[in-house]
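S.K.: Have a look at this one.
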């Protein structure tokens, strides 16, 4: 479109110069003078003291058929023989089978990858669970040992207090016997 507009502007410049030159040679232009420039047709409508008026008609691209190649249907092939058709069908079937095998292979690879990922996730989960259980068991054993040691210390102190209390009672009884 831009090229058409620029071509139009160029033609209009050429037309004004041409009109000026023609007006020098011919004082009166022919009525309904038609000028053709490539893809444009120019008709002179009016000539006045204030200027001239023109009608510019742009041809459609379909009218330019001699200059541009005509788009036609592709050249027809000669009739293919039965053997050629059979070969083409076999080749198409082979391509289809190859493509189907490739798709199945990709699906199998994807499933295998999913299986591997799932197996790895389960293995990591089992390892985590086992480590967490071992850590918990260790903490429980440690807590149990600390508790038993604390209870043993309490029992030892209680036994010592009882021994001390028994000694104090014996001493008191001996004093009472001696004094009384």
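Even glycines carry a Cβ here, placed using N, Cα and C.
Because the structure is a prediction, the values reported are computed rather than measured.
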S.K.: Choose the correct range: of 16-37, 38-59, 60-81, which one does Swiss-Prot annotate as region 'Disordered'? Give that range.
M.R.: 60-81
S.K.: Roughly how many Å separate the Cα of residue 60 (phosphoserine) from that of residue 50 (phosphoserine), to the nearest whole number?
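M.R.: Approximately 32 Å lies between the Cα of residue 60 (phosphoserine) and that of residue 50 (phosphoserine).
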S.K.: Count the residues of the domain 'SLD' (38-180) that DSSP assigns to helix (H, G, I), to strand (E, B) and to coil, and report the three numbers in that order.
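M.R.: Per-class counts: 102 helix, 15 strand, 26 coil.
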